[in-house]
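As structure tokens, the structure follows; a few thoughts come after it.
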Amino acid sequence: MSLRKWGYRLLPGLKWLHGYTGQDAVSDLIAGVTVGLTVLPQGLAYATLAGLEPQYGLYSAFVGGIIYAMLGSCRQVTIGPTALLALMTSRHTGFGLGSGPAYAILLCLISGVVELGMAVLKLGALVDLISLPVTVGFTSATAVIIGTSQLKGLLGLRGGSGSDFINTMRSVLGNLHKVRTGDFTLGLTSIIVLLLLRKLKDVKLDGRIRNLRTQQLVSGSIWVIATGRNALVVLVTSVLAYSTCEQMENCPFILTGKVKSGLPNVSLPKFETTILDRNGTEIRQNFEQMLSELGPSMLILPIIAVLGNVAISKAFGGAGLSPTRELVALSMSNICGAFCSSMPVTGSFSRSAVNHASGVRTPLGGCYTSVLVLLALGLLAPYFQYIPKAALSAVIISAVIFMIEFEVIKPLWRCSRRELLPGAITFVMSLAVGVEIGLLLGVSTDVAFLVYRAARPVLSVSKLQTSNGINYILIRPKHSSLYFPAVEWVRSGISKALTIHGTAPVVLDCAHVHEFDFTAARGMGSLQKELAKANAPLFLMSADKTIGVILKESTNIDFPTIDCPDDLELLLEQTADYVLHLQISAPLVESRLVHGDGGEPTELSKLNGKSS
């Protein structure tokens, strides 16, 4: 293998540098700066949501862009802090002193290690266990929790927001008399402006402006304003807060406060920390105690990060992308980010959409975003202290309200009401108990349904006749596999059919059955012997050769097979014990399902054995 191929294999991003043109650089620069103007206010807001000082949101916003540019495979994906991961991180950052950043950074490192392990073991397919209804229930619940957690900042109420929906709502409702008019007015106005600017990009200018150049200029200006609305609102509210608070003794707004300027120190994450107990006493925590506190988040958070990142990659880059490469890129973004004081990061759908709309050509656009964030840390950090918290809360609320997917309920209700249950369980339990427990319960419900379907396959049972009038019972499983939980169910179904329809040959239609396991095969062997004693031979119809081999090797029985019901006559003539029991009647053009209990016929069936 040549040196170049080795380089491409280790750093896939080098392929983008090969043949990189000036036009590519200009397009990536425009996209990178646009995304940077979006991530700056979001990073500050998400750090606050995570219970950290604002600068940690910016620390988390620059490492992922550089790493993903070298290792990623989808040019639109942007790696950085997200509202969902910030919410999950906030569950471990409220212990006081310096424990908040220590827990967040350690969780970032552990998430990267878990994601790297998933990549090595090629476990990216595990995210397929999370169905769409569960995903919708989870994201909708987290959107509600994130939105309610920002109500305190929006209303000017002091104190941490937390990630507990019920306690947050109880705290907000119990302190409504302390609402600050200035913060509430500013926050509500900011939300209205953000929503209006979001709709601004949908304005059509066709036919309103005749001059093409003017139309392009106005359209471009509208797009820039709509795309950079978060930065614009934060800038305007910060100027307003600065001018107001400089002239008045009592500032009407709660401000973000001092933001540490400069780059983060490159160092190992802390493996021990100090927290405050309820009495205000300092307690030293070692690495084992920190891991115990993080608990299920060490597994659930990286899975959620992988789920989001792979979904974004497929949405923008198509199905041809390698999930393993995406896992490697995401894992290294978190591992390297942990050395630069980053909280957990993943792909952001909103910023990736901005990146795509900005015309990015290669993942190197993330490098330009990272440079802008670094410049902001070095030059603009002193001015971030004038950002009103109500404005940051407005940025988060106006972003997450569109994560609540009401539109999925109607088609699910029409097509598959059963799938509403896992989604509803995920949503309700995420609000009541916590997002981790809600997700686990939703996935468990889905898996329980899958196990139930495997254990209780649907059996179509019909009593039919061949062209020569020989009665037989047709059993048609509607699943492609028969595994050990279903053996007794199938045996019970066949016994019930013989009780209802009387003794007759049993034909198991295997046209759609492609798999047997060992236990199911042995169960079929026992069933064949029982039916033979009851003078009701068992035949396999349209069985694949592999099924015959499995049954033969497992039971040492040669199961008689037929291609169509009319083959029954030839085989039954060779079955001496059954000849006396043949029930011959006039040939039927159509045969009907017969009930042994004397009930009325309910079903007509064609000669070829197809039943409705």
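The chain as shown is numbered from 1 upward.
Placement of Cβ uses the backbone N, Cα and C atoms for every residue, glycine included.
According to TrEMBL, the protein has these features:
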DOMAIN    27-421  domain 'SLC26A/SulP transporter'
DOMAIN    474-551  domain 'STAS'
TRANSMEM  29-49  transmembrane segment
TRANSMEM  56-73  transmembrane segment
TRANSMEM  93-114  transmembrane segment
TRANSMEM  126-147  transmembrane segment
TRANSMEM  179-197  transmembrane segment
TRANSMEM  217-242  transmembrane segment
TRANSMEM  294-312  transmembrane segment
TRANSMEM  365-384  transmembrane segment
TRANSMEM  390-408  transmembrane segment
TRANSMEM  420-443  transmembrane segment
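For the transmembrane segment (126-147), same-chain residues at least 6 beyond its ends with a Cβ under 8 Å from one of its own Cβ atoms are 49, 83-84, 87, 118, 163, 165, 168, 303-304, 306-307, 310, 396-397, 400-401, 403-405, 408, 412, 419-420, 422-428, 430-431, 435, 438-439, 442-443, 445-447. For the transmembrane segment (420-443), the residues of the chain that approach it from at least six positions outside its boundaries are 87-88, 91, 129-131, 133-134, 136-138, 140-142, 144-145, 163-166, 296-297, 300, 304, 408-409, 412-413, 449, judged by C-beta separation under 8 angstroms. Two recorded stretches are said to be in contact when at least 3 C-beta pairs lie under 8 angstroms, sequence spacing 6 or more; the transmembrane segment (56-73) and the transmembrane segment (365-384) meet this definition. The helix, strand and coil residue counts that DSSP assigns across the domain 'STAS' (474-551) are 41 helix, 16 strand, 21 coil.
Taking residue pairs at least 6 apart in sequence, the transmembrane segment (93-114) and the transmembrane segment (294-312) share three or more C-beta contacts under 8 angstroms. Note on the transmembrane segment (179-197): residues 153-157, 225-226, 229-230, 232-233, 237, 240, 252-254, 388-391, 393-395, 397-398 of its chain, located 6 or more positions outside it, place their CB under 8 angstroms from a CB of the stretch. Using a Cβ-Cβ cut-off under 8 Å and counting only residues 6 or more beyond its ends in the same chain, the transmembrane segment (93-114) has close neighbours at 50-53, 56, 60, 160, 162, 269-271, 273-276, 282, 285, 290, 293-294, 297-299, 301-302, 305, 330-338, 341-345.
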